Amino acid sequence: MRFLWRIAGVAYEQLVVFRRQWMWIAQSLVMVVCFTILASAWGGLEALRHMTVALLLASGWGVGLNSAAQWIGYDRIMGEYERRVASPLTPAEYILGSVLGSFIPLFVSELPLVLLVAAMAGISLSGLLLVVLLSVVATFLGLFLSLSVILRIKNPMNISAVTNPLYTVTTLLPPVFYSPLVLPEPLRSLCAAIPTAALVDMGKALTGHLHAYPLWVSALSVAAWLSATLVLMLKKLEWGHE
């Protein structure tokens with residue numbers, strides 16, 4: 001039971017930061033509204049279905065890759081990391097608390113609007129729940145990837161200078177906010193190896209909408225990325241040996 005309190009303690013510490021810097025949440029809400037308007041205006045209901053799935057998964061990805069990873073990265077720069085190592089916290093509790101503290105405010109703030117858009121787009125509650133669960137997977141995958149890069153940078157002065165471009169490259173270039181079906185072969189098939197593209201295509205398959213790859217292909221791609229980035233992160237996430 002104590003481990004739950006320790007996770008909650010780390011999460012609460014981060015929630016306080018979000019409460020003081022609420023513009024991050026406002027920015028996220030504005031993005032949801034803008035993308036919803038753009039999708040419905042240019043592509044109708046089919047585009048709105050795609051955008052609902054893409055926004056949920058891109059948000060989860062951003063929470064891990066940007067918010068939680070920055071939190072851990074800045075802890076290392078500011079010397080806070082050593083204090084946590086000396087505490088009763090385990091690495092798993094520290095990571096889970098960081099993810100939870102980043103995920104809750106953004107998810108709760110976006111949820112009412114996402115539910116409304118999903119209803120407009122004809123996405124069932126069961127399908128939406130599956131996408132939400134998949135966004136949790138996206139959060140951890142984004143975190144593992146980001147930390148596997150951040151933890152290898154010597155003397156980083158600005159973590160966001162690494163995570164922000166990484167988020168942009170992994171969400172705007174691949175087929176995340178557009179369908180892989182518009183790409184020619186073999187580029188379309190190669191995009192299945194990109195984690196964000198595979199996640200969004202999985203989300204569309206789980207909601208019963210048009211998707212580019214067989215579900216097992218996307219799932220295999222995501223599982224491979226999870227395994228590889230977890231190993232790379234753990235090699236540098238030293239805990240008590242620095």
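Note: Cβ is positioned from N, Cα and C throughout, glycine not excepted.
Given the structure is predicted, the values throughout are model-derived calculations rather than measurements.
TrEMBL lists 17-201 with the feature domain 'ABC-2 type transporter transmembrane'.
Annotation comment: TrEMBL describes 21-45 (among others) as transmembrane segment.
Annotation comment: TrEMBL describes 51-73 (among others) as transmembrane segment.
The transmembrane segment annotation in TrEMBL covers 94-121 (among others).
The annotation transmembrane segment is assigned in TrEMBL to 127-151 (among others). If you look at the transmembrane segment (127-151), the same-chain residues 6 or more away from its ends with a CB under 8 A from one of its CBs are 52-53, 56-66, 68-69, 72-73, 76, 95, 98-99, 102-103, 107, 114-115, 118, 159, 162-163, 166, 170, 195-196, 199, 202-203, 206-208, 222, 225-226, 229-230, 232-233, 236-237.
Outside the transmembrane segment (213-234) by six or more residues, the chain places 137, 140-141, 144-145, 147-148, 151, 180, 189, 192-195, 198-199, 201-202, 205-206 with a CB less than 8 A from a CB of the stretch. Marked as transmembrane segment by TrEMBL: 213-234 (among others).
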Intrachain residues whose Cβ lies under 8 Å of the transmembrane segment (51-73), provided they are six or more past its termini: 14, 24, 28, 31-32, 35-36, 38-39, 81, 94-95, 98-99, 101-103, 106-107, 110, 114, 117-118, 121, 123, 128, 131-132, 134-147, 150-151, 156, 159-160, 162-164, 166-167, 170-171, 176-177, 196, 199-200, 203-204, 207, 209
